[in-house]
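Contents: one structure, followed by commentary.
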Amino acid sequence: MEDVLTLITMIVLLLLAFHGFGKCSSDLYSRSDFPEGFVFGAGISAYQWEGAVDEDGRKPSVWDTFLHCRKMDNGDIACDGYHKYKEDVQLMAETGLHTFRFSISWSRLISNGRGSINPKGLQFYKNFIQELVKHGIEPHVTLHHYDFPQYLEDDYGGWTNRKIIKDFTAYADVCFREFGNHVKFWTTINEANIFTIGGYNDGNSPPGRCSFPGRNCTLGNSSTETYIVGHNLLLAHASVSRLYKQKYKDIQGGSVGFSLFAMNFTPSTNSKDDEIATKRANDFYLGWMLEPLIYGDYPDVMKRTIGSRLPVFSKEESEQVKGSSDFIGVIHYLTALVTNIDINPSLSGIPDFNSDMGESINILSMRVRISRLPNSDEKCLIFFITLSILEYIKQSYGNPPVYILENGKTMNQDLELQQKDTPRIEYLDAYIGAVLKAVRNGSDTRGYFVWSFMDLYELLNGYKSSFGLYSVNFSDPHRKRSPKLSAHWYSGFLKGKPTFLGSQGITQLHSNFSSSR
């Protein structure tokens, strides 16, 4: 009951904040309502989809080591996309995808992260990209989706060491040279803020570094490494962006972006303290890396709070980082109520990212349907949360080009129930409708990618839940793919049908889906 009341509070607060935007839209819309050039796609990542972790010269990434050491579910086989990519591209074409987002496994392309290219890894990605292009699907490639080579972590501490900037730039150079004639959209780092917090502050994701006691880590320093790694990610991105502009852009005509995990923050009360805390949360989560990319330096509140533990950009570095991202990739699933806390001790007893931020964050997931909340209220919640985050980026950061690179709804992994995944359709309908509203309100949002095209190995969550438009039978050695109702809905939308919901629309959709199987 408390969760429901909290959600209702969130809806009321958002309605008050966005009364100027009008009602929660339930109007029909279609693909043609979006601007020409706006792209729709779906995505996967290498470790979550490929499998074949020890085939054809691939060597371990930090994910392989992290999961096997902890005896957790892993992506050793995952969807077996390495062997089934042609079948998957055919499904993408049948669905009507305009573009497809995927990542390259650094340790498959360059086994040790630097040095010689793995020829079989190179050929796989060439084949995959050519297959996409042959079917009229534009590749959108991420260079780093959490899974950097374990060799570099063992050799010099991975992202804690500036040496990785040179190695990452050399890896990107290979990708641009070998694939750039067919790839026009590159994202350097996926979810840079969450990769850093999870891997170096909390220690709950690879490489699993953090401060002890209080957390289960044997190495790391949450007080400093979180910010050092974030700094190195920004410098590596700037280095890669500079390389592309100097060596490839005139020939290939592509663009290079950077992606961040975005959360919609709302004050838990109308008190001044909570309003200030909400601004601080935005500065720590988004501004931490977005302000350097747009303005060339960290937010003032971070510099004041963190002090000497926050690395400093030299004048040259600031100039290189500023303006280095042609677009911002937004990963968006969550919203949160923020309460100010004057003293927020860390688990280890030393300052870390969470204690530096100085607030209590009650995260409410848009991924999980609260069944006791009326449908109309849930749709309003999704609608205004989406408007809120896109409006915030527009107003705070000069309206940069934005691609929503990940957004979707998880459901429990049940092959029978998942096939008719009506809650996912309702969620996607509300979210895409809100994106359309944001675009009409002036947001320079240029694309939307559903997460995920098919059920995947979900990072840290294994195979318990899934986001896919297509189900994958992970008990079947052949990993059979099957379309869900949401795949049918998304395909219809991409092919120009107006979205249709409500009881009559859902009944019609179920009927069409059943007859097409």
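Just so it is clear, glycine is given a Cβ too, placed from its N, Cα and C backbone atoms.
For 1-22, the entry in Swiss-Prot reads signal peptide.
The active site, proton donor feature in Swiss-Prot is assigned to GLU191; the stated evidence is similarity to another entry. Long-range Cβ proximity for GLU191 (active site, proton donor), meaning a same-chain Cβ under 8 A and a gap of 6 or more residues, is found for TYR146, SER259, LEU260, PHE261, ILE331.
Under DSSP, CYS217 (disulfide bond) is assigned to coil, being neither helix nor strand in the three-state scheme. Here CYS217 (disulfide bond) comes close to GLY203, GLY208, ARG209, CYS210, SER211: these same-chain residues lie at least six apart in sequence, with C-beta atoms under 8 angstroms from its C-beta. According to Swiss-Prot, the disulfide bond annotation covers CYS210-CYS217.
Long-range neighbours of ASN216 (N-linked glycosylation site) (same chain, six or more residues apart, CB within less than 8 Å of its CB): GLY203. Taken from Swiss-Prot, the feature N-linked glycosylation site covers ASN216 (among others), and the record attributes it to sequence analysis.
Counting only residues at least six positions away in the same chain, the Cβ atoms of ARG209, SER211 sit under 8 Å from the Cβ of ASN221 (N-linked glycosylation site). For ASN221 (among others), the entry in Swiss-Prot reads N-linked glycosylation site.
Here GLU406 (active site, nucleophile) comes close to GLY43, ILE331, HIS332, TYR333, PHE449, TRP451: these same-chain residues lie at least six apart in sequence, with C-beta atoms under 8 angstroms from its C-beta. For the recorded site, GLU406 (active site, nucleophile), the DSSP three-state label reads strand. Residues or ranges marked as active site, nucleophile in Swiss-Prot (evidence: similarity to another entry): GLU406.
Secondary structure at ASN441 (N-linked glycosylation site), as computed by DSSP, is coil. Sequence annotations record features per position, and here Swiss-Prot assigns N-linked glycosylation site to ASN441 (among others).
Under the three-state DSSP scheme, ASN473 (N-linked glycosylation site) falls in the coil class. The feature N-linked glycosylation site is assigned by Swiss-Prot to ASN473 (among others).
Under the heading N-linked glycosylation site, Swiss-Prot lists ASN512 (among others).
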Cα-Cα, ASN473 (N-linked glycosylation site) versus ASN441 (N-linked glycosylation site), nearest Å, comes out at 42
